[in-house]
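Novice: The structure follows.
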Amino acid sequence: MASSQVGDMVNGNAEPTRHLAKFPPSLWGDRFTSFTLDKQLWDKYGNEIEVLKEQVRSMVVAGGRKAAEQINLINVLERLGVSYHFEKEIEEQLEQLFAKFEDNEDYDLFTIALHFRIFRQHGYKMSCDVFNKFRDSNCEFKETVSNDVQGMLSLYEATYLKIRGEGFLDEAHAFTIAQLESLVEGPHLSSDLSEQVMHALKQSIHRGFPRLEAKHFISFYEKDASRNETLLRLAKLDFNQLQLSHREELCHIFRWWKELDLISKVPYARDRAVECFFWSTCAYYEPQHSVGRAGLTKIMLLLSVTDDTYDAYGTYNELKLYTNAVQRWDVSAMDELPDYMKALYRALLNVYDEVERDLAKQGRAYGVHHSKEAFKEIVRSYEIEAEWFKEGYVASFEEYMKNALVTSTGRLHTTSCFMGLEADVATTEAFEWILTKPKMVAASGAIGRLVDDVMSHDEEQERGHVATGLDCYMKQHGVSKQEAIVELYKMIENAWRDINEEMLKPTAISMKLLIRVLNLSRISDVVYKYVDGYTHPEIIKDHVISLFEDPIPM
């Protein structure tokens with residue numbers, strides 16, 4: 001979160017006191033600087049994948065399967081991480097299944113909850129009234145379903161698709177957590193099922209990083225006696241082939257970042273090339289988005305250093321100069337900047353030029369202008385926070401959030417992510433939609449801002465920092481820190497409800513775009529769930545290694 005941590009020089013030309021953040025260094029050394037893609041292995045995977053894809057496509061479109069079986073097949077494809085190969089076929093099937101759905105009395109809780117989750121994930125608004133038959137006259141869950149671990153687990157995952165006004169799903173969420181925790185502690189679950197439940201309680205499907213969750217599910221599915229070997233084989237091959245591609249991309253990014261050598265000129269900043277690529281891969285992991293991933297990663301890296309400049313190094317006067325330079329977006333503005341800022345400013349202009357050239361080759365450069373404007377907006381808001389800090393000003397919570405929804409990077413990340421999508425998906429209308437400040441982008445930004453405020457609060461206040469949302473709420477409402485945290489988490493949950501509702505049909509823009517906003521929101525849940533995993537990358541180190549280094553045994 002950006003804010004000036006220091007005042008200006010005390011007198012004359014004396015060097016100002018700078019309250020450095022002392023961020024942890026990069027974990028990776030030269031670990032990702034070299035990688036040679038095994039083209040023979042990549043081709044071998046690819047050839048078998050193409051054969052298996054046709055077999056699975058035939059499964060998806062084949063008739064004669066009961067609705068519950070078809071929904072389960074779609075669920076397995078999604079959880080194995082291979083549904084992106086069959087998007088058209090799956091959407092056609094779901095449209096038919098939703099139109100024909102009947103609340104069959106024979107459907108158990110697992111099946112009803114699975115229908116609910118899959119339909120809502122794809123924009124179909126199934127009513128939560130479908131769960132009424134599992135409650136007694138006192139509106140409590142019947143005992144027969146309370147001890148059904150598969151049913152409870154399915155309902156638990158379904159509750160994450162709730163929207164505003166669905167109090168039943170709030171109750172169901174709390175109830176299923178309590179039941180699942182109790183069942184895990186009991187003696188009746190197999191070790192495999194217990195492991196699956198514990199993972200779900202730690203990370204839900206809906207809010208998880210799709211590629212990481214696919215890898216987890218593959219390990220569970222492999223132990224399932226009813227598994228389909230064709231699906232399992234496809235999932236393993238697909239994960240490993242895509243991992244090779246991602247590793248090669250990461251190597252290119254890592255070398256580019258090392259050659260840029262910006263950190264040596266701004267050593268106060270977080271060195272997070274690998275983590276930014278991890279972030280970008282969550283936004284879109286599919287192989288056709290390699291150019292987009294590279295562009296998004298580079299922009300995120302420059303934003304990260306800019307954030308740290310405002311947050312943990314620059315004086316107020318220096319920051320004003322930098323804000324003005326970014327608004328001008330012209331190399332001549334560099335002359336007015338201190339030396340360390342010149343390096344950052346030059347890198348910023350060059351990165352956007354690189355990204356624009358790469359996208360121009362594919363006829364998609366028109367989005368770059370929107371990303372630049374979003375970057376300018378963030379820097380203006382960073383300066384507002386720097387002024388607040390200099391003046392010791394604690395904003396009202398509403399005033400804080402108005403500015404924080406900009407510094408949360410929701411607009412910039414969404415715009416920069418859209419730049420890397422196909423031209424017929426990320427149209428000029430899509431970028432204009434972002435300019436309307438849509439509820440979904442605001443909700444995504446609120447999630448990121450508020451969860452970061454909670455998780456990084458103590459550390460930031462220890463070194464001196466502008467008042468965060470937590471501080472503003474505490475002062476305005478006269479409540480304790482813990483009480484404020486409870487209220488902020490209520491806001492986070494409401495933001496998730498808004499995201500879910502914005503993804504229900506009819507949607508404002510293509511679902512292919514909205515899923516990217518959802519993915520950007522998921523990053524906050526994964527990276528900031530227990531601590532600020534971006535500032536402290538050891539928290540997500542295992543995720544990075546799992547995603548980019550460790551293949552799935554064949």
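Just so you know, glycine gets a Cβ as well, placed from its N, Cα and C.
So Swiss-Prot has the following annotated:
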{"type": "BINDING", "residues": "Asp307, Asp311", "note": "Mg(2+) 2 binding site"}
{"type": "BINDING", "residues": "Asp307, Asp311", "note": "Mg(2+) 1 binding site"}
{"type": "MOTIF", "residues": "326-330", "note": "motif 'DDXXD motif'"}
{"type": "BINDING", "residues": "Asp452, Ser456, Glu460", "note": "Mg(2+) 3 binding site"}
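For each listed feature, how buried is it and what is near it?
Specialist: In the three-state DSSP scheme, Asp311 (Mg(2+) 2 binding site) falls into the helix class.
Within its own chain, the motif 'DDXXD motif' (326-330) is flanked in space by residues 345, 348-349, 372, 375-376, 379-380, which lie at least six positions past its ends and keep a Cβ under 8 Å from the stretch.
Around the Cβ of Asp452 (Mg(2+) 3 binding site), a 10 Å sphere holds 23 further Cβ atoms from the protein chains shown.
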Novice: What number of additional C-beta atoms lies within 10 angstroms of the C-beta atom of Ser456 (Mg(2+) 3 binding site)?
Specialist: 20
Novice: State the three-class DSSP label for Asp452 (Mg(2+) 3 binding site), counting H, G and I as helix, E and B as strand, and everything else as coil.
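Specialist: Its secondary structure by DSSP: helix.
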Novice: Counting other CB atoms within 10 A of each CB, which of the binding-site residues Asp307, Asp311 comes out lowest?
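Specialist: So among Asp307, Asp311, the binding-site residues given, the one with the fewest Cβ atoms within 10 Å is Asp307.
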